Structures are given as structure tokens and as C-alpha cells.
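Colleague: The structure's right below; bear with me while I get my questions together.
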Amino acid sequence: MSDDMVLHFSSNSSNQSDHSLPDKIAKLEARLTGKTPSSAKPPQQQQQQQQQVSLWSSASAAVKVVTSTPPGLSETSISDSDDENTGDFLIRANTKKRQKVQESNNFSVVDHVEPQEAAYDGRKNDAESKTGLDVSKKKQGRGRASSTGRGRGSKTNNDVTKSQFVVAPVSAASQLDASDQKDFRPDGQLRNGECSLQDEDLKSLRAKIAMLEEELRKSRQDSSEYHHLVRNLENEVKDLKDQEQQGKQKTTKVISDLLISVSKTERQEARTKVRNESLRLGSVGVLRTGTIIAETWEDGQMLKDLNAQLRQLLETKEAIERQRKLLKKRQNGDKNDGTDTESGAQEEDIIPDEVYKSRLTSIKREEEAVLRERERYTLEKGLLMREMKRIRDEDGSRFNHFPVLNSRYALLNLLGKGGFSEVYKAYDLVDHRYVACKLHGLNAQWSEEKKQSYIRHANRECEIHKSLVHHHIVRLWDKFHIDMHTFCTVLEYCSGKDLDAVLKATSNLPEKEARIIIVQIVQGLVYLNKKSQKIIHYDLKPGNVLFDEFGVAKVTDFGLSKIVEDNVGSQGMELTSQGAGTYWYLPPECFELNKTPMISSKVDVWSVGVLFYQMLFGKRPFGHDQSQERILREDTIIKAKKVEFPVTRPAISNEAKDLIRRCLTYNQEDRPDVLTMAQDPYLAYSKK
């Protein structure tokens, strides 16, 4: 058996450099056979053994395989069995196991065996314990009903068991050699391998470091260039922004200067025109009566000339009438004398009478023309007085020096002045458009309570107005404070006149023109009454209806507006500001004194009726020639239970009159609200 194993080991060996290998093999054979190393062998076997030793490359795997003894079998029994069966069986290498070991680990042969017995015995015991475990596993996993031997010929059960005990130690020893391969490797070779690997790794790392350092250097260089470029760009952007800012400032300054120059020219032209018109139409003078000084109007040359023409026409008319009377008296005297008159005499009497009639007709036409001129004079006088008042208010305003408010709005000329506010035409230097700046001022002599009340009132107006976006309602763009006593609201600018100026220039409007204006006003009111919180304007009058450059009517001034809460019933809301508003355009319920008035959108419906009536007939339906104090004192509106229509040329349609009657219904319960009025067929336009 030992000879066959020697042959098996020699076939797997590739190392021939170890000359002490025969002694080691002799010791191993002695252990396997239970004999001493000095036991003699046949010369033929020794010669074969020496020949095979020179071809060995590794003995560690063979040592581990041979030294492993299966549990339950002694060395003597194994050697005996081998001696008994060496003639019949030949021990061969497990080629399958060998292929697995070579494919998985590709083990190398150990060059020398540890000479110390203690270390050798320890490795032997470890191998035996591992071999026992492997044998038990193979017995459980590889048991079959019948098996065939790996040698030549058939084997008995004892032979199969023996072959299993021989093969199993080889596998276990191979595993042990794989796990302890590093233990049998020479320290020098291990250090040389590790050093070579470390040198290669070090070279690779140094190459990588050099490459990374080069990349870092390039990145830093690029970063420096980029930073330099960024700084240059930032400086350029800063310079451009500075230039742009300077350009904007220069542009704003140029625009502001041009606007101021134009406004100054307009102011001078307006004052020159007023002076010239004052000579023609009249001027305001001062009348002193004792200690009372009052302003009075002094008529101009135009009215004096018109009055002179009227007097002359009247005198001529009276003279002609006297001549006609004398002619008739002479004709009547001739008839009483009974004298016959010839036909020629009759013609002489008839012709003068026809001349007198013709002349009287001509005088009447001239008189009507002069009266029309006087009416036009009255309208021009009203416009002149309004312009004179505007100029006087502008001269007395503390904002008449063309300031720029909020670094944005350049004030130009005064448009008008109310009780506690001034409205200036201004230019928005940011959005580049004309706007109207309404300056709200607090009287320094007011009490703090009154100031707070006015501020709340103005803030409420702004809140209401800013939420309104409709093409028939003037927009509110902005709001800001000027000082402790003044703030400004910026409104949409309407370059056209207001309805009050239109009615002053023309006593009455054609029905077609008046109708389209009322339709636009009603559309704005419908918008106010379709919001989640309905709004009552409460101060509709000609001065609060503006026209833009295209003639579109827009409602403005929501200073007295009322917000109708959701919980208000059909009766409306309480009027808490009784006495405010313009009395000619307010309904009777606003003048009730015995109880708190209840109002609704029907207040605006009454105002629409008054506006429509005034546009068609040239005067208000109730209290036209009365002051507000007289209206309040004489209860003019409370007594206005029926509306009367004057005769006009051309005549007003019945549909227009019916709409006015419905709007001026005395009882609030019977009067339509805004949404109902808007459904009136007269206010609907349809394509023909």
C-alpha cells in the first residue's frame, strides 16, 4: 500500500528540489505500517521509491491524507489490511476529488515538514477530528443499497468500508491544507509577495495621486480663471446697473421736467383764458356792506351787449306795435265817416300792415337768437366760474409746486377740490401713465375723535374701491401716506369731462345720447350688486360720472358707499349717515326724521331716475332752483310724490318717461331695485 501511495504522490508532485524528502517519506511509511523507520524493504521497492522521490513537488497534502486515521480504526489494523490486500487491490488517486481541489484552490506543495513532533501530532489530531466529521457526513449522504469499487474487480463489504475510510481522509486533509496553507508558506516568500504587492499598490497610488494633483491644479487654475471672469462680469453688471439706474434717473428727470414745463404752460394758458373770458363774461368782485364783505358777480361785456340788443329789439317792437295801432285806428275812422274808399287807398292801408307784421316776425327771430346767446352765456359763465374756482384752489394748495410723491407720482395740475380732498392730475413715472391723485387732508383744528372718524371713513372707502374691477367703474391703483395729516389715493385718470361739465355746456342731451350714458351707469351698478357683499353707491350725481378719452362713462367717488351685509333682509340696512349726500339725487326715505331710515340699492335707482331726467330736460325733477338748505327746510323731496314732464322739442319717447316714473316711485316698496331695473327693455340693446 505504501508503494502504491508513493506512486500516487509522485504523480501529483512537481517539486524536485527537496533532498531531505526520502527521510521524511520513510518516517511516514513507518507510521503507516506501525514499524520503525529502520525496517527494511525490498530493494526493488526502495529503488522505485527513490526514483519517485525525485519527481515530487509537494508532500504536504499526502502527509495530511496519510496521517489521517478514521475513527474506530487503529493504525495497526489499517496497516494489516493493506498488507493483506496489497496483492489484490491497487490504491489509486481520487481523480474527481483532485480535480475539485485543483479547480478551486490550486494548492502549492509545501517545501518542508515541521520536524518537531509536538506540532506534527497537533496537526494530526486536528486532521483526525475533521476527518471523523467528514466521514460521518459521507456515511449519511452517500449510503446506497449497493456500490461498486473504485479498484479493479469486485470488492467485499469490508473492502468498500476500507476504501471509504481511505478516500475520506484525503478530502479532509485537502480541506485542512487549504485552511492552513499560509501556515506552511515560508516567511520570506510571504514577505516578498506582500512587499511586491505593496510596491505595486504604492506605485499605482502614487500615479493616481499625481494624476489627481494634476487635475486639482488644472481645476484650481480653471476656478481661478472662472472667479476672475465672474468678478469681471459682476463688475460689468454692476456698472450696467449703475448706468441703467442713472439712465432711469435721467429719463425720469427729463420726463418730469417736460411734464412740469407743459403743466406750467397749461397753467399760464388757463389763467390767460380766464382773464380774457372775464372781460367778456364777467368776473368775481367784492361787495362791502358795512362790516360785511361778500363776493358778487360782475357781468362782462357779452351780457351787456346782449341786453342792449334785447332792449333795442324791444323798443323796435314797441314802435312797430304803435304804428300798427295807428294804422288800424285810421282805418276804423274812415269806416265810421262812411266815406267810400277807392281800391288804391285800401291797398295803401293793407301794405303797411303786412310790413309791420313781417318786421315783428323778424324781431321775434332776432329776440330768440339773443335769448339763445344769453343761455349760452349762462353756460359759459358757469364754466368760467368753475375754472376760476379751480385756479383759486390751485393757487392756495400746498401741493401746487409740482412735487413727486412717493418717488413715483409727479403732480401736475389741480383737477378739482372737494370738502376735505384735492384731486390732482399726475403722471406715474414707473408705469408711465397719467393718473389722478386724490389727496386727503385732515384739518389741524379738528378734534382727535373727528380725525379718527375721517381716517376710518377714508380707509373704508379705499377698501371698497380697491376691490372693484369693472370697465364702468374708475379703478383705484394705489394708496400711501404723505405725512401725519395727509394721505393719497391713486385713481384711474379719465381725460374726458364729467357729466356735470357736459350738462353745464349743453342744457340737455338728445335722448339717444342720454340713454347710452344711463345704460353704462346701470351696468356699473349691476356689478356692485352682484358681488358677494353688495355695495350701495349712495352719492350718484353728475359730478361722479366721468368720461375717458373714448367717451366711456365710469362711476367714481365711493366716499359715502354702504356695504350691505349678508344678514340684511329685504327691508335693507339702517342709514347711519343721515344728512350726507347730495339732496337733489336722494330718495324720500333718506329724509325721514321720525325713525331710522332703512335703505337698499333702491337709493341708487332713484338717483338714476333723477340723472336721466336732468339729461333729457335740462333740469332736476325736484328742487332744481333750490339750495340744499331750502330743500331740507321745505321738505321738497318728501313732498315729491309725482313727477311732471315738460314739453320739449323734440319730444321724449314714452318708454323713457316710463323708466323715469318707475325709478322715481315714491314708495320704496314699490320701486324696483338695481337688478330689476336692469331688466327693463328700454335699457337693453339688440342687434337689428
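Cβ from N, Cα, C; glycine included.
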Colleague: Can you tell which of K389, K438 Swiss-Prot lists as binding ATP with L415, G416, K417, G418, G419, F420, S421, E422, V423?
Modeller: K438
Colleague: State the residue range annotated as motif 'Nuclear localization signal' by Swiss-Prot; the candidates are 97-100, 329-332, 529-532, 625-628.
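Modeller: Result: 97-100 is the stretch Swiss-Prot calls motif 'Nuclear localization signal'.
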Colleague: In Swiss-Prot, which of 72-88, 123-139 is tagged motif 'Nuclear localization signal'?
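Modeller: Result: 123-139 is the stretch Swiss-Prot calls motif 'Nuclear localization signal'.
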Colleague: Measuring Cα to Cα, how many angstrom lie between S421 (ATP binding site) and D539 (active site, proton acceptor)?
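Modeller: Distance (Cα to Cα, whole Å): 16 Å.
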Colleague: What does DSSP say about S421 (ATP binding site): helix, strand or coil?
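Modeller: Note: S421 (ATP binding site) is in a strand by DSSP.
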Colleague: Same chain only, please: residues at least 6 beyond the ends of the coiled coil (298-332) with a C-beta under 8 Å from a C-beta of the stretch. Say none if there are none.
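Modeller: Apart from its flanks, the coiled coil (298-332) reaches 277-285, 349, 352-353, 356-357, 359-360, 363, 366-367, 370-371, 373-374, 377.
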Colleague: Can you give the largest Cα to Cα distance in Å, as a whole number, for the residues L415, G416, K417, G418, G419, F420, S421, E422, V423, K438 that bind ATP in the record?
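Modeller: The span, Cα to Cα at its widest, is 14 Å.
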Colleague: State the mean pLDDT for the coiled coil (194-253).
Modeller: 90
Colleague: Specify all same-chain residues, apart from the site residues L415, G416, K417, G418, G419, F420, S421, E422, V423, K438, whose Cβ lies within 8 angstroms of the center of the Cβ atoms of the ATP site, ordered by sequence.
Modeller: L439
Colleague: Between L415 (ATP binding site) and D539 (active site, proton acceptor), find the distance joining the two CA atoms and give it rounded to the nearest Å.
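Modeller: If we compare the Cα positions of L415 (ATP binding site) and D539 (active site, proton acceptor), the gap is 19 Å.
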Colleague: Between D539 (active site, proton acceptor) and G419 (ATP binding site), what C-alpha distance do you get in Å?
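Modeller: Just about 14 Å between their Cα atoms.
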